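Residues or ranges marked as domain 'tr-type G' by Swiss-Prot: 7-191. Look at Swiss-Prot and you will find 19, 20, 21, 22, 23, 24, 138, 139, 140, 141 tagged as GTP binding site.
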C-alpha cells in the first residue's frame, strides 16, 4: 500500500449507545471501501465483534481497529483508520483509549430511539478529547423513525449542531456513501512530524498464540520501523520490533508506520501486563522526555467470589482466569477460601456487565460450572488506632469495636426515561438511598441525575430499573467520591454456624428487610434433615431474623397401644435427646441453588 500524505489520513471512532447500529455501520464502511470482499462478508455480521459473546449479545466489548483505503469524489486517495468502540458503561476505559488515538467521531443515534444515557457519556468523552463530531442518524428506514425530532434532541441534549446530520440505514447501506464523504470533508487530518523522534501511543494490547503480545499503537511523531529498538516509557522495558502492520480487518504487514497512522507491532513481549494501556512508546537510543497524556488505569470497582461447583475444577479455573487476564488487564483475581464453598477466587471487575461477561466466558469457553457470591464494592475504614484500611470482602472486616468510621463509594447516575415511568424510577432511586441532583426534560423524556451509593447499585439496580420502566430507561454512571455511611456486617448463620459466602455489608436501615428476605428464601430451599435447623440473620451478636427448618421425625409411639402415657413420654424424650445430640454433631448440606437464590433476593 503506497504511503499517503498525512493530510489524507482520517482517524475516527464511532460512538453510540448499545444497539444503535455502530458495528453494522462499521461493516458497511469496510464493505464499501473493499476492506473485505462481498464473499468474505457473506453470512457474517458485525465483522469487528470477534468474540461469540459479542455477536450473540449484540454488544462490542473489546475496542477494534481497521484501516480502509478510499478514493473520494475529489479524486484523491485517503486512508481511514476506524476505531469501533464499546457502548456500555463498564467498558468506558476501552472507549477512552480509542478516542485518544483519533481526531474525530461519528455519533450514531438510532432515529427511532433518540439519544440515550450512554450516548451522552461517550460523546462527552469525545468532546473532552477535542473531537470534531459528525452526527449520523441510523435506521431512518424504520416506520418508527423520527429524524427531525432526534436532530432537535441532539441539539438540545448534547448541544452540537445536527442540521446537517447524515441520514443512513446501516443494514441496507442507504446513505453510507455520504458518511464516507463526510469523513473526508468534515473530520480533521492528524498532526505529526515525520522527522522528529519516535513517539507513539499504546492504545491496546492482546495475546496471540503465535505472535505473543500484539500491541495496537497510534504513531504521533517519527516513524515506527521494523527492526528498530523501542522503549516503553511507563515500565522502562526495551524491545526489538519484529513486525509492523495494520488491520484491513485482516492482519497486513508493512515495513513502517508514519505519523498519524494506527497499526500494530509485535516485539516478543511475554505478557499483556507488561504493556500498559496509555503508555508512550519511544526510540530506545534517543528517547523523548515527555510522555503523552495517557489514560487512567482501569481500576476494579465491583468484587465478588467465584467458586467452582466441583472442587476438582479449581486448577482449571485458575488456568482459565490466567488466560482471560492475558487479554483483559482490568480483570484482577486472588485466591480465597470459604468454609461453605471451598477454594475459589476473589475477582475484581469494572462493573456488573463486566462480571457477567467474564462469568459467561469462563463457563462457555472453559466449560466451568461456577457459583458467584454477592457482589461487593471497596469500602474504606478508619480504625480507632488511626490506621486506614480498604476492604473488598466483608469477611475481612475488623471487629466493630475497632472501627471509627466506614466510608462507601458513591456514584453520579444519569438516567433517561420516558415521562410515564418517571415516578417509578424516582421511587426506585429513593429506595436505594439516592439523592436527586437535577431533573430536566428532553422532549417527552426526562433526564434525571442522582447521587447513589454504589453498594445499592451493584446488586440488581439495573434489572430493577429495566423492569420498572418496561425496558425503556437507560442508565450510565461514574464514580464520584467516598462518603461516611452507617453500614453493618450482616451474617447468615445456619445451625449456629456462620456461612461466610453469604455475609455482606448493608446499610443499617435495610439490614432487617434484607436479612428477613434471605432467611425466608433459605428456609424454602434447605431440605429437612433429621434434626431441626435454625437459619438466622445476625448483626454482631444480635439476631435480627430467624426461620426454622423443621426436623424429619419418625413416629416412635406408633407401636404403643393404649396403656400408660409415661411409656409414650419416655420414647418421645429419648427421641428428643437423640435429635439434640444430632444437632450438635450433624452437618447441614446447603444446596447450591439456596446460595444463588439467597444472593438474588430483593429486600
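Cβ coordinates are placed from backbone N, Cα and C, and glycine is handled just like the others.
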Sparsest-packed among the binding-site residues, when each Cβ's other Cβ atoms within 10 Å are tallied, from 21, 140: 140
Please work out the mean pLDDT for the residues of the domain 'tr-type G' (7-191). 74
Cβ atoms within 10 Å, counted per site: which of 23, 138 has the most, among these binding-site residues? 138
